[in-house]
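Novice: One structure, as structure tokens, below. Some questions next.
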Amino acid sequence: MVDDERVVSPETADDHEDSVEKSLRPQVLAQYIGQEPIKHELSVYIQAAKQREESLDHVLLYGPPGLGKTTLAMVIANEMGVQIRTTSGPAIEKPGDLVALLNELQPGDILFIDEIHRLPKIVEEMLYSAMEDFYIDIVVGQGPTAHPVHFPLPPFTLIGATTRAGLLSAPLRDRFGIVEHMAYYETTDLQEIVLRSADIFHTAIATEGAHEIALRSRGTPRIANRLLKRIRDFAEVAPDHDQIDLAIVDHALDLLRVDSAGLDATDIKLLETMIDYYNGGPVGLNTLAANIGEETETVAAMYEPYLLQRGYLKRTARGRVVTATGYQHLGRTMPDNN
């Protein structure tokens, strides 16, 4: 969950936002906007599996949060015409939890595990035989009466999603036959997503308004939809506005403190702290986090990725450094020693 004040967070804010996301989800690949190479590959794999009347190979989806990994898993289930059971790595605390999930699956069904990198080791190891040979062995009883019991499983598809693919063990990663990296979205795709969501919300929006929202959405559909939802409120109370136009978008996002590149107040504070107190860097992540009053993990997971992707920051062996692009965006002069 994310701080409600951070409108550009890629994480889900609360249960209400999660329910809104569900209402906006596409149901089939043809409705899914963006990620074209992945869609093309998956359409081939799905069609082939259906022709052979087999379950789809196991799928690993990895990439930054908010890009639609869960949505894509739902779409795959719809395209395959099977049921999907959803859970998360932290929710499967012990082998018995996994057994209960697997026991509910029918042939061809999908088990979706979000944050799969957070599975306990003992649960992960049980998955190996389930994924590879469709069986699990569990020990029943205790002490001298303990004995293994062999449980065959119906053929199923495991879809794992993670924002931290590097934390997956090699044995688990190697058991996924289909591995797809989800990248940040292009502005044109985000604009199309905003227009589609506005239509679902029954909200009139000008093309230039949708384009501006897309520009400030950090390449992330979840952020685009959240900004649209907030801006819709401004449009509905604004006099003499029958649609979300560019003026309303600019006004709303200025009040929300989201700048032209999608940076918010904390992003700006991070860059300005590095410039004002550390001459632009290099500065260590722990030091930087302490200076802006955030946890180190929060800075690494929530703030740094987008700043790196936009080229405002770079990593060096000695720490983080503000780039010339970062200085330029802030309207600051880069010192000669940088």
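Just so it is clear, glycine is given a Cβ too, placed from its N, Cα and C backbone atoms.
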Novice: In Swiss-Prot, LEU24, ARG25, GLY66, LYS69, THR70, THR71, GLU132, ASP133, PHE134, TYR185, ARG222 are given as binding ATP, so which of ARG173, ARG175, ARG230, ARG232 is in that site too?
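Specialist: As annotated by Swiss-Prot, LEU24, ARG25, GLY66, LYS69, THR70, THR71, GLU132, ASP133, PHE134, TYR185, ARG222 share the ATP site with ARG175, chosen from ARG173, ARG175, ARG230, ARG232.
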Novice: Among LEU24, ARG25, GLY66, LYS69, THR70, THR71, GLU132, ASP133, PHE134, ARG175, TYR185, ARG222, listed as contacts of ATP, what is the widest Cα spread in Å, to the nearest whole number?
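Specialist: With LEU24, ARG25, GLY66, LYS69, THR70, THR71, GLU132, ASP133, PHE134, ARG175, TYR185, ARG222 as the binding residues for ATP, the largest Cα distance is 37 Å.
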Novice: Please list residues from the chain of GLU132 (ATP binding site) whose Cβ is under 8 angstroms from its Cβ, counting only those at least six apart in sequence.
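Specialist: For GLU132 (ATP binding site), the qualifying residues are ARG175.
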Novice: What's the CA-CA gap between TYR185 (ATP binding site) and ARG320 (DNA binding site) in angstrom, rounded?
Specialist: 25
Novice: Return one of helix, strand or coil for ARG315 (DNA binding site), based on DSSP.
Specialist: strand
Novice: Nearest of the binding-site residues to ARG320 (DNA binding site) by CA-CA distance, picking from LEU24, GLY66, THR70, PHE134?
Specialist: GLY66
Novice: What does DSSP call GLY66 (ATP binding site) in the simple three-state scheme?
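Specialist: Assignment for GLY66 (ATP binding site) reads coil.
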